[in-house]
Every structure is written in C-alpha cells, then in structure tokens.
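**Q** Dropping the structure in here first, questions after.
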Amino acid sequence: MTTESVAPPSSTTEDIPSTVKRLRKTFATGRTRSIEWRRQQLKALERMIVENEAQIADALNQDLGRKPFEAWLADIASTAGEARDAAKNVGKWAKRKQRLLEFSQLPGRGWVEYEPYGVVLVIGAWNFPFALTLGPAVGALAAGNAVVLKPSEVAPASSALMARLVPRYLDTDAVAVVEGDGAVSQELIAQGFDRLCFTGGTEIGRKVYEAAASHLTPVTLELGGKSPVIVAADADIDVAAKRIAFSKLLNSGQICIAPDYVIADASIRDELVDKIRGAVEAFEAGDTSGKRIVNERHFDRLVSSLAATKGTVAVGGGSDASEIKIQPTVVVDPDLDEPLMRDEIFGPILPIVTVANLDEAIDFVNSRPKPLAAYLFTKTKSVRERVIKEVPAGGMLVNHLLFQFTTTKLPFGGVGPSGMGAYHGKFGFEEFSHRKSVLTKTTRPDLSAIIYPPYTDKAWKLARRLF
Ligand code: NAD
C-alpha cells in the first residue's frame with residue numbers, strides 16, 4: 001500500500017455512489033477503528049507528502065506560481081507535521097477518560113467514548129490545496145473514519161496529483177479522491193455523509209450547509225472573511241510593517257487568514273505606510289512584475305476593485321493582464337463602502353484605514369461580521385487584553401500573523417460568518433469524533449428498587465435527598 005508500484009483502483013473511474021458505498025462497506029467492517037490502522041494511515045500520509053515534495057512543489061508552481069520555499073512552508077511542512085503529530089498522539093487522544101459521577105449515579109462508571117462518525121467528506125479550497133484537503137483528512141483519519149477527499153478544481157495540477165498519490169499510499173478501500181467542481185461537490189453531499197468538512201468562501205459555505213441539512217450531516221465550515229490588523233499607537237512599527245507585508249505577499253495574498261486590511265492609529269499611520277513600502281521593496285528584491293493571481297476571474301475582480309477605489313494608492317497599483325499579475329499595493333483610506341472594504345480581498349492589495357484611537361479601532365472591527373482572524377500589534381499589556389476581550393474572531397494573534405494556522409496545539413476555525421467548528425492536532429481528532437456518553441451500572445444489589453412503583457412516601461423522601 002505504500003509503494004508507487006502498486007496499481008491502485010482509481011476512484012475517478014468509479015461513479016460517486018459506488019465510491020461512497022465501497023467506503024461505507026469498509027467502515028462497517030470495523031477496520032478503520034483500530035488505532036493501529038489509524039497510525040499506519042497517518043504515517044503513510046506523512047510519507048506521501050515528504051517523499052513527493054518535489055512533485056507537490058511543482059504542482060503548486062503550476063497552479064499558483066508558488067516558490068518552492070513557500071510551497072514547503074505552507075503546504076508541505078504544515079501538513080506533514082499535522083500527520084506526524086496525530087500518528088504520535090492518536091492512541092492517547094482516543095483513550096477513554098473516566099468521569100467522576102455524582103453520588104446518586106453510584107455504583108456506576110461513566111466516560112466519553114470517541115466514536116468515528118463513519119464516512120467523512122472533505123471539500124478543499126485551492127489556495128493551499130494540499131494543506132486544506134489533506135489537513136482536515138488527518139483529523140478524520142485519526143478519529144477512525146473513512147474519508148472522501150474532493151480537492152478544488154481551481155488548482156487542477158494539485159488536485160490531479162492528490163488523485164494519483166493518495167491511492168498509492170493510503171488504504172484504497174477507506175480513502176478516495178473524487179475530482180471535480182461544485183456540481184461534483186453537490187452530488188457528493190447528496191450521498192448523505194456522516195460528517196462533512198468544507199473549506200471555502202462564505203457564500204458557497206451557505207450552499208454546502210443547506211445541502212447537508214437535508215441529510216442532517218454535521219458540518220465543519222472553514223470559511224473566509226475580512227481579517228483586520230489593528231496597529232496601535234505604541235506598536236513596534238518596524239516589525240509590524242515587515243510582518244504585515246510578508247503575510248500579504250505570501251501566496252499573493254490568497255490566504256483565508258491574510259491581513260485583509262489594516263486599521264492604523266493616526267499618529268503612526270504615515271510611518272507604517274512608509275515602512276510597509278520599504279518592506280515590500282526589500283522582499284520583492286527589485287522584481288516589480290507583481291504577484292501571480294490564481295486565474296483571470298480573480299485577477300479581473302481584484303483589478304476592478306482597485307479601479308473603483310476612492311483611496312490614495314501609496315504603493316504599487318499596477319497590473320499585467322497577460323501574466324495575471326498584480327503589484328503589491330497599499331491603498332490609504334479607501335471609502336468604507338467600496339469593494340475593497342466590502343468584500344474579502346484575497347489578493348496582494350492592502351487597504352489602510354486611519355482611526356483616531358483604540359476605541360475607534362475596536363468599534364470598527366465590531367461593526368463588521370466576525371472575522372476568521374483578528375491581528376493586533378502593540379507593546380502594551382492593557383491594549384492587548386482589551387482587544388482580546390472585546391473583539392470576537394475565529395482566532396487572534398498578537399504581534400505576528402498567520403502562525404495561528406501552523407500550530408497543532410490550538411484549534412483553528414472561524415466563528416459566525418467565518419465558519420463553525422475547528423481542527424488541528426487533538427482538536428481535529430475531536431472534531432471528527434462523536435463524543436458518545438457511556439454509563440455502566442451494576443445489577444446486584446438492585447439499588448434502583450427505591451424508584452420502582454408503587455411509590456411510597458418513604459421512597460419519595462429518599463429520592464428527593466439523593467437526586
Ligand atoms: P470556493 O468556495 O470557491 O470553493 C471551495 C470548494 O467548494 C471547491 O472545492 C469547490 O469545488 C467547491 N464548490 C464550489 N461550488 C460549490 C457548490 N455550489 N456546492 C458545493 N461545493 C462547491 O472557495 P475557494 O475560492 O476555493 O477559496 C477561497 C475562499 O475560501 C476564501 O473566501 C477564503 O477565505 C476561504 N478559505 C477559508 C479557509 C479556512 O480555513 N477558513 C482556508 C482557505 C480558504
């Protein structure tokens with residue numbers, strides 16, 4: 001199962017109902033429940049990513065124009081790390097944890113039994129095609145499920161590579177890749193999975209949720225939105241500028257947790273803009289051709305948002321339609337109703353909104369939908385504590401960006417329109433496990449005799465004291 005020479009049954013030659021039926025059959029045998037099977041699959045998944053690093057980097061370059069270092073950092077290392085961590089810890093995570101019961105429940109024992117849901121559907125996004133398809137699969141496999149993976153059709157080389165590699169490394173009767181677009185996703189959802197994880201935009205997320213509802217399929221929705229960066233008056237502007245620029249340039253700004261826009265205190269706004277300009281120039285190292293966008297549709301969307309801006313273009317602003325590239329661009333004080341401030345940007349354009357103070361910054365974020373990520377740059381503890389307490393968000397990172405995604409120690413997910421549910425590390429295992437309550441009782445002596453009818457006053461008195 002782990003060598004390239006084994007010819008796998010290709011899931012793409014099979015129709016969707018047959019694929020799901022085959023996986024259901026495997027799950028019913030109980031094979032995927034054993035901790036040993038889970039460990040083997042997770043180790044094989046890690047091996048698949050590590051052994052095929054060059055092919056993965058090549059696919060990411062074809063789909064997204066991604067540099068090999070960025071391919072390694074964002075898709076390869078993070079996903080391999082997730083799989084390694086899960087393989088190491090799954091035995092511990094799956095262990096029964098006895099709960100201390102109330103006196104009235106004694107004698108008896110109670111615990112949570114982590115039960116796999118069954119067959120899980122993972123629908124991935126294109127911007128980190130490996131991390132966002134195989135990453136959720138790590139949690140689903142650790143939990144002992146069979147899994148159907150539906151990579152995004154917008155990154156076709158990555159999708160095709162996953163379809164080729166997965167059957168060569170993983171249990172082909174328990175893990176399948178189905179390639180295709182939104183219609184294929186809908187056909188899959190219509191099969192009535194036991195659990196579903198979708199990563200993508202909020203509007204498509206709504207459609208996925210609606211389709212899943214008719215089967216009562218529980219969902220994890222990893223959605224998008226506009227993630228703000230508050231730069232407070234006391235922030236370390238040098239470092240903030242570099243980190244914001246780095247995060248906005250990575251993958252051409254096409255990251256769900258990229259800094260969507262900055263809210264800058266008026267006292268440091270100009271210094272911040274100058275230093276972001278300096279950081280962009282240093283990071284691009286003389287290359288003014290711009291950042292490659294995934295496709296023409298997204299390129300056109302970004303260019304028209306930029307053309308519509310009423311703000312001041314302080315950095316970049318140029319684009320090249322023949323290469324679908326956009327220069328790293330900073331727009332100062334756009335109109336708050338224009339597309340750049342209304343829709344998720346998902347590109348290398350950074351609006352900067354000026355505010356008078358921290359109160360205004362917090363009010364600004366809170367007047368908008370709850371973001372997937374909220375960022376803050378400050379050196380002051382009281383500022384940090386205020387923002388942590390007063391700004392709701394899927395996750396928060398102080399004095400840096402993006403790294404909340406790359407730890408297995410914290411849950412990653414959105415809130416409200418940025419999503420529901422979370423994964424990574426143990427949280428992924430829990431997300432794809434049903435927490436079955438188990439209570440066991442003894443039969444002799446039969447202490448329940450006091451609650452059996454006919455009810456006497458004496459029994460009632462005793463019961464009132466006990467329960
Ligand atoms: P998308 O919503 O266009 O597509 C995501 C997936 O949904 C693809 O696999 C696609 O085939 C499928 N799909 C398309 N139409 C569908 C339909 N009608 N029914 C069911 N499935 C359908 O998202 P995208 O363009 O790939 O990614 C960009 C968006 O995803 C951004 O909004 C971004 O913020 C968000 N995102 C979120 C996360 C996260 O972890 N929260 C990560 C990456 C991207």
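Each residue, glycine too, has its Cβ placed from N, Cα and C.
Taken from TrEMBL, the feature domain 'Aldehyde dehydrogenase' covers 9-438. The active site annotation in TrEMBL covers Glu222, Cys256.
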**Q** Tally every other Cβ atom lying within 10 Å of the Cβ atom of Cys256 (active site).
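**A** Taking all protein chains shown, Cys256 (active site) has 27 Cβ neighbours within 10 Å.
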**Q** Do you know offhand how many angstrom separate Glu222 (active site) and Cys256 (active site) by C-alpha?
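**A** Distance (Cα to Cα, whole Å): 9 Å.
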**Q** Give the three-state DSSP assignment (helix, strand or coil) for Glu222 (active site).
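**A** In three-state terms, Glu222 (active site) counts as strand.
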